[in-house]
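A short worksheet on the structure shown next.
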Amino acid sequence: MTAPSQVLKIRRPDDWHVHLRDGDMLKTVVPYTSEIYGRAIVMPNLASPITTVDAAIAYRQRILDAVPAGHDFTPLMTCYLTDSLDADELERGFHEGVFTAAKLYPANATTNSSHGVTSVDAIMPVLERMEKLGMPLLVHGEVTHAEVDIFDREARFIDTVMEPLRQRLTALKVVFEHITTKDAAQYVRDGNDYLAATITPQHLMFNRNDMLVGGIRPHLYCLPILKRNIHQQALRDLVASGFTRAFLGTDSAPHSRHRKETSCGCAGCFNAPSALGSYAAVFEEMNALAHFEAFCSLNGPQFYGLPVNTGWVELVRDEQQVPENIALADDSLVPFLAGETVRWSVKK
């Protein structure tokens with residue numbers, strides 16, 4: 001029997017979905033991403049959303065100012081779509097290399113999404129412009145109607161929003177972000193080359209029992225919410241198959257400890273410190289390490305039409321404990337898998 005590999009060497013990966021926040025939080029979390037990833041698609045849902053070219057340029061500079069010396073990292077900026085967004089502004093940002101993609105948040109679907117889109121019809125001229133430009137649309141795929149059960153929001157979104165949109169704009173490039181259900185996995189698998197998906201480590205590693213059985217675990221609470229195990233298994237099967245239109249998107253979403261551990265806690269897992277090793281562990285469990293590099297480093301650039309990174313990253317089989325917390329200006333951050341032992345670590 002062949003001994004398990006002790007080192008995994010892959011092209012430098014990219015994170016195709018990350019929240020870097022702003023202010024002191026940004027300064028704290030950026031290095032965890034910039035150390036490992038060559039590029040990252042940065043979410044625009046700040047308290048004042050990124051809806052203009054100037055705002056994106058200023059935010060990109062704040063991110064770059066927080067990147068430690070020696071880290072080779074490029075933030076890829078996104079535009080927050082609103083009902084009143086100017087299509088000309090979006091096109092200008094895309095042509096000037098400021099906006100890589102635009103993000104569709106259904107209004108009130110997640111953190112800082114109150115400015116989001118009330119209906120796809122309201123932004124159809126913008127989406128038609130994006131289709132012509134070849135500009136990717138990044139979608140938080142959940143309906144937010146009060147009568148829809150939170151565990152059904154993603155499947156309902158496919159039927160009522162995603163499929164009608166893609167039928168109407170057949171050449172629009174769409175990333176179905178952080179998919180969580182067998183419905184979404186099958187939908188993306190059955191789709192054409194204009195449709196891709198990102199998948200988080202938490203949705204591959206855990207299901208709702210892990211969050212709710214034996215006590216509630218607020219640091220596993222994210223949106224879209226963890227689903228039952230049949231959905232988790234469908235996501236695992238998708239990536240283990242070597243499907244090329246699924247790629248790494250951590251959705252790392254930091255909140256201070258007191259905003260997570262409270263009677264009405266915020267959604268989001270701060271997984272940047274341990275995400276790559278977490279993905280490696282999942283692929284190893286599924287005997288799918290042959291597809292690990294493509295998921296992390298090749299599939300995303302292929303969909304976005306970007307070159308792969310030139311550098312390399314090594315992960316070593318070296319059990320390490322994830323810190324219980326990370327210092328923040330007036331509080332602390334509890335990282336994903338805090339206090340737990342992880343099997344794979346990025347070689348420094």
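Cβ from N, Cα, C; glycine included.
What you are looking at is a predicted structure, and each value in this text was computed from that prediction instead of being measured.
Under the DSSP three-state reduction, D251 (active site) is assigned to coil, being neither helix nor strand. For D251 (active site), applying a Cβ distance below 8 Å and a minimum sequence separation of six or more within one chain yields H17, V18, H19, E177, H178, T198, T200, C222, G268, C269, N271. Residues annotated as active site in Swiss-Prot, with sequence analysis given as evidence: D251.
Residues or ranges marked as Zn(2+) 1 binding site by Swiss-Prot: H17, H19, K103, D251. Note on H19 (Zn(2+) 1 binding site): other Cβ atoms within 10 Å of its Cβ, all shown chains, come to 26.
Within the same chain, the residues at least 6 positions away from A267 (substrate binding site) whose Cβ sits under 8 Å from its Cβ are T110, T111, Y221, C222, L223, I225, A253, listed in sequence order. Under the heading substrate binding site, Swiss-Prot lists H19, L20, R21, N45, H140, L223, H255, A267, citing sequence analysis as support.
Sequence-distant contacts of K103 (Zn(2+) 1 binding site), defined as residues of its own chain at least six apart whose C-beta falls under 8 angstroms from its C-beta, comprise M43, P44, N45, T78, C79, Y80, L81, L138, V139, H140. Among the features that Swiss-Prot reports, Zn(2+) 2 binding site is placed at K103, H140, H178.
Residues annotated as N6-carboxylysine in Swiss-Prot: K103.
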Checklist entry - Could you give the maximum C-alpha to C-alpha distance in Å for the residues H19, L20, R21, N45, H140, L223, H255, A267 that bind substrate per the record? => result 19
Checklist entry - Sequence gap of 6 or more, C-beta under 8 Å: which same-chain residues meet both conditions with respect to H255 (substrate binding site)? => result T111, G265, C266, G268, F270, L333
Item to check | For N45 (substrate binding site), the three-state class that DSSP assigns | outcome: coil
Item to check | Three-state secondary structure, which DSSP defines for H17 (Zn(2+) 1 binding site) | outcome: strand
Checklist entry - So which other residues, same chain and not among H17, H19, K103, D251, have a Cβ within 8 Å of the centroid of the Cβ atoms at the Zn(2+) 1 site? => result V18, I41, V42, M43, N45, L138, E177, H178, G249, A253
